[in-house]
Amino acid sequence: MYAPVESNQGFNFKPELPTSSAYYRLLKKLRRQVGHAIRDYKMIEDGDKVMVCVSGGKDSYTLLDILLQFKRIAPINFDIVAVNLDQKQPGFPEDVLPRYMEENNIPYYILEKDTYTITKRLTPEGKTYCAVCSRLRRGSLYGFAQEIGATKVALGHHRDDIMATFFLNLFHGGSLKAMPPKLLSSDKKNILIRPLAYVEEKDIIKYAEMRKFPIIPCNLCGSQENLQRAIINDMLREWDKQYPKRLHSIFGALQNVSPSQLADRELFDFEALDGQREFDLKDPEELKNRLDVVNLSFAAD
């Protein structure tokens, strides 16, 4: 059973913000990128109730912060509620998130559910807890989204997470897939959105430092990051240092797929090739108006 702790705060989000020009340049960049992602994938619509999953890490704090700022200025009406799942990990600072939410007048729920004990029991010896833990966490949060009538569930994955997942599947899964910016959950009951899909992790790190979010470490359980993902993350960081535009180009490629130039017979009917269908059908005007993700990240630098 859930044991939700609900705040009685009304919406009155007016945080104390840094005043440096560097902060406002970064904020402008993040707002533009999040705004483009929301628009491009129609993530948030009038009347939505958006449940923002907040772990206490830099990504989810940044996501919540930017969405709350959008709520104040958006031309549509939508509600935001922050939800944290207290999984009863040893050493988890239970007071940090409630205090942050109360101080910033953010409506929130704390779900208390001991998934940590279950994770320990189900994880084979020598393996990391992450896979089992994330499945249990998703199940708990998605179920609660239905209970409170949330129409969208917002997750804090950013551009680098999406690309790392792409390479994990490419190198180890034999498939071309990543994390989509918007999708229907596996139980078909929740629409999941990733408003940080265009945002680089290094910008989130800077923003979290400037905003001085009370970060909760993600390794309280003692488990280490998946080794394969860690290797890929190191690879992406090294590429970013040596070839600054490479990651922008790779992410742009994820938005510009040509099934006829691959080999998946389910995506493209190679048997039916003729003069009328030699290449992928794309509207030239649509391509002209496509968001230029490669240049977007440089626009506010």
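Backbone N, Cα and C define each Cβ position, glycine as well.
The annotation domain 'tRNA(Ile)-lysidine/2-thiocytidine synthase N-terminal' is assigned in TrEMBL to 49-213.
Among the features that TrEMBL reports, motif 'PP-loop motif' is placed at 55-60. Among residues of the same chain six or more beyond the motif 'PP-loop motif' (55-60), those with a C-beta under 8 A of the stretch's C-beta atoms are 84-85, 96-97, 156-158, 196, 201, 204-205, 207-208, 213-216, 218.
According to TrEMBL, the feature [4Fe-4S] cluster binding site maps to Cys130, Cys133, Cys221.
Per-residue pLDDT, averaged across the domain 'tRNA(Ile)-lysidine/2-thiocytidine synthase N-terminal' (49-213), gives 91. Here the motif 'PP-loop motif' (55-60) is broken down by DSSP into helix, strand and coil counts: 3 helix, 0 strand, 3 coil.
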